[in-house]
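Input: a single structure, listed below in structure tokens.
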Amino acid sequence: MAKMAASMVEGGEDSFRKIFKFYRRRNPPPDLSDVIDFSRCAPGEQIVPVNLDTAAVSDVEATRVGLQPVREWRAFGLRGHPGFIFISDPFLRGTQPFWLQQCLKIYPQKPNICNLDMHMSPLETQDIWGQSMHSLRSSAAGKREARTLLERLRWVTLGYHYNWDTKTYSPSSHTPFPRDLHLLSAHVTAACGFPGFISEAGILNYYRSDSSLGIHVDESELDHTRPLLSFSFGQSAIFLLGGPHRQDPPTAMLMHSGDVMVMSGPSRLLYHAVPRILPPPPGRLALETGGSIQTPPPQEGSVVEPVSEEEWAVCSRYIQSSRVNVTVRQVLAPAQKFPETPRSHQTTDPGQTDGCDDGESRKRKRSSSDSPYAAETH
């Protein structure tokens with residue numbers, strides 16, 4: 001990766017953008033031999049082990065949210081990127097379907113906000129799952145002419161709803177944060193050395209096979225001392241982690257279903273991007289289920305519930321060519337309040353958008369490979 005970055009610095013275009021375009025190109029497809037795959041690697045010159053706090057989360061607490069005991073997690077860091085933690089699929093086998101179902105069925109429900117609200121009435125987007133499940137379940141063979149609402153979903157915001165235009169949060173745009181997702185996030189952050197994490201905002205991104213996430217940095221939260229969490233479900237993706245400056249060359253790594261990333265400390269404000277969605281490696285499912293839905297027996301107080309065969313048929317059909325990413329943030333420090341005048345951030349190049357483009361917005365403005373959320377280029 002270092003050799004590739006060095007060879008791309010010349011030519012007047014920053015190396016991050018060149019590497020982004022390299023991995024985004026379709027013909028010929030990029031060489032992935034330099035991409036780190038934490039599921040298959042061991043600590044070495046670039047990859048360092050991360051010691052987690054195994055006493056911060058009991059085995060019972062971990063099981064209740066579908067996680068393995070913390071002592072079983074495989075956590076890594078990258079040399080030169082202090083505060084970055086990559087946890088290779090810490091979920092118990094058979095529990096990812098529950099979290100995927102939450103992302104597709106529960107979290108898009110009102111009063112949460114999604115991209116479809118930009119050009120549809122709240123009544124039309126009230127039950128995205130219900131309006132989509134029959135068509136998805138019965139479409140295993142052949143293509144449908146019209147995409148379902150679920151397939152048109154690009155983003156959903158939770159808690160403090162992120163304003164894509166002003167790049168700010170506001171106390172006037174807030175709904176209760178899902179309890180189950182907060183418990184999952186709180187246990188992961190506690191194990192990583194951040195007890196007391198409060199999940200205040202979430203952004204769910206829904207990627208199709210030709211989607212990408214442009215180069216950006218997440219700095220809209222008022223408190224940057226708390227970590228940012230990222231959960232991946234479904235198809236794999238290439239993740240580029242750069243430096244504090246827009247032109248810093250990035251490191252490429254693979255994110256598979258179930259993988260968790262924690263960006264804290266100095267890594268909290270690093271530039272990053274997702275140039276490509278790609279199928280999982282041979283021998284690995286897009287979402288590990290054990291071949292069928294085999295959710296572990298629920299314990300008392302467990303938030304993970306069994307997924308019915310009918311609902312799994314919809315989820316599995318959707319995930320065949322899609323990826324869902326969930327980022328969870330703490331917006332405010334303890335006792336901190338929002339300023340009277342909202343702040344405005346410009347975290348990307350002028351003219352870039354900071355939200356997932358849906359079909360309607362692409363009619364008005366064609367997405368570029370550098371826009372933070374360039375979904376579905378044609």
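Note that Cβ sites are derived from N, Cα and C of the backbone, with glycine treated the same way.
No curator has checked TrEMBL annotations; they are predicted automatically.
According to TrEMBL:
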BINDING   His216, Asp218, His272  Fe cation binding site
DOMAIN    197-332  domain 'Fe2OG dioxygenase'
REGION    283-303  region 'Disordered'
REGION    335-378  region 'Disordered'
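Per-residue pLDDT, averaged across the domain 'Fe2OG dioxygenase' (197-332), gives 89. Secondary structure of the domain 'Fe2OG dioxygenase' (197-332) per DSSP (helix as H, G, I; strand as E, B; remaining residues coil): 16 helix, 50 strand, 70 coil. Cβ neighbour count for Asp218 (Fe cation binding site) (all protein chains, 10 Å cutoff from its Cβ): 22. Using a 10 Å Cβ-Cβ cutoff, His272 (Fe cation binding site) registers 22 neighbours. Its Cβ placed at the centre, His216 (Fe cation binding site) has 20 other Cβ atoms within 10 Å.
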